[in-house]
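Asker: OK, Swiss-Prot features for this one:
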BINDING   THR15, GLY16, GLY17, ASN126, ARG172, SER199, ILE256, ALA275, LEU276, THR277, VAL278, SER279, GLU280, GLN301  UDP-N-acetyl-alpha-D-glucosamine binding site
Amino acid sequence: MNLKDKNIIITAGGTGGHIYPALAVAEMLRENNANVTWVGTPNSMEANIVPEYFNMQYIKSSGVRGKGLKRKVAFPFTLISSTLKARKILKKLKIDLVIGFGGYVSGPICLAAVQKDIPIIIHEQNAKIGLTNRILAKLATKVCLAFDVEDIQKRLSPKQLAKTQVVGNPIRKDIIALNNKTKNITENGKLKLLVLGGSQGAKSINNIIPDLIIEANKQGISLKVWHQTGKLSFEETKNNYNQVPSTHIKDISAYITDMTNAYEWADILICRAGALTVSESAIAGVPAIFIPLPSAVDDHQFFNAQNMVKNNAGFCIRQDQMTLENLIDIIKPLYEDRDKLKEISQKAKNTLIKDSSEQILKAVEQILNKK
């Protein structure tokens with residue numbers, strides 16, 4: 001379908017887990033000639049990323065969950081104000097459809113769309129549905145889920161389930177391309193370990209990896225590491241690697257700019273279990289040891305990881321159980337049996353949906369055809 005003259009708003013913000021899947025869909029909509037505008041909040045992650053690619057409008061928005069009394073008292077007034085601003089944006093741009101990818105900013109713009117009888121699609125990236133999306137699911141024309149999990153189904157009414165579709169997480173085309181390539185697991189010698197401490201860093205993961213390299217080597221397990229530390233932990237982590245022989249280090253950096261290259265290089269991955277990381281690593285076929293962030297809302301990272309574990313396509317260790325012994329217990333059998341590693345890699349590739357953006361595009365077409 002040619003979406004020429006169709007005006008669509010994408011709204012997502014707060015974290016990369018919301019923003020990057022939304023960007024993948026926004027790019028596909030633009031390829032199909034839609035006029036795409038992004039609505040986010042000022043002084044935010046999306047404000048730093050999105051304007052390079054799309055026209056952006058701003059509204060002030062904030063959450064209420066877990067906040068102090070002052071924020072909770074102010075929340076209704078902030079919501080009313082931001083919804084009124086959102087209504088003006090919808091009218092000015094003559095919007096035909098709104099797609100919300102979560103984050104607080106999705107609330108006001110989607111509520112305003114409902115008030116103006118503009119259809120909305122929401123997409124939930126995690127295996128636990130977020131508060132904003134849980135509310136919007138009652139109002140949405142279409143509810144798209146990344147994971148087919150019983151917990152989300154329990155939280156939705158039969159009416160909401162009738163308009164729900166599992167579509168996976170939209171990810172970048174260059175990473176999807178890895179799914180169609182044979183994953184080259186190192187046949188012998190050093191196992192290539194990619195460590196993602198997160199863009200902001202994960203101190204517990206960063207601290208244990210240098211010791212893991214040394215202890216594994218003592219047990220006859222030779223690892224070569226490429227470590228993203230995050231900005232906050234870079235200097236400390238780099239210093240910790242002074243005890244590790246340079247032959248076991250590919251690179252230590254605050255941030256990896258070319259994740260496609262990193263996934264293609266890696267034999268195995270240690271990382272958090274944010275929705276984007278789980279989806280990208282699976283599609284790329286990189287067997288992962290997930291260390292869920294303990295403070296994640298509703299423990300959603302643990303449940304994200306379980307989608308891989310239950311399919312024998314990944315591993316999960318709680319942070320308080322992340323010991324050298326437990327890590328080596330997972331890595332050693334894979335080091336000794338590379339065919340097993342290849343098997344897990346293939347299972348990871350086959351676990352998640354690969355054409356998520358296309359499925360959302362099809363939903364957009366179906367809704368706009370009915371208008």
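Backbone N, Cα and C atoms are what each Cβ position is placed from, and that goes for glycine too.
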Asker: Mind checking which of ILE256, LEU276, VAL278 has the fewest other CB atoms within 10 A of its CB? They're the binding-site residues.
Answerer: ILE256
Asker: So, three-state DSSP: helix, strand or coil for THR15 (UDP-N-acetyl-alpha-D-glucosamine binding site)?
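Answerer: THR15 (UDP-N-acetyl-alpha-D-glucosamine binding site) sits in coil per DSSP, no helix or strand.
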Asker: With every protein chain in view, what's the tally of Cβ atoms within 10 Å of the Cβ of ARG172 (UDP-N-acetyl-alpha-D-glucosamine binding site), excluding that atom itself?
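Answerer: Counting Cβ neighbours of ARG172 (UDP-N-acetyl-alpha-D-glucosamine binding site) within 10 Å gives 18.
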Asker: Which residues in the same chain, at least 6 apart in sequence, have a Cβ under 8 Å from the Cβ of GLU280 (UDP-N-acetyl-alpha-D-glucosamine binding site)?
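Answerer: GLU280 (UDP-N-acetyl-alpha-D-glucosamine binding site) has long-range Cβ partners ILE171, ARG172, ILE175, MET259, TYR263.
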Asker: Looking only at THR15, GLY17, which of these binding-site residues has the biggest number of Cβ atoms within 10 Å around its Cβ?
Answerer: GLY17
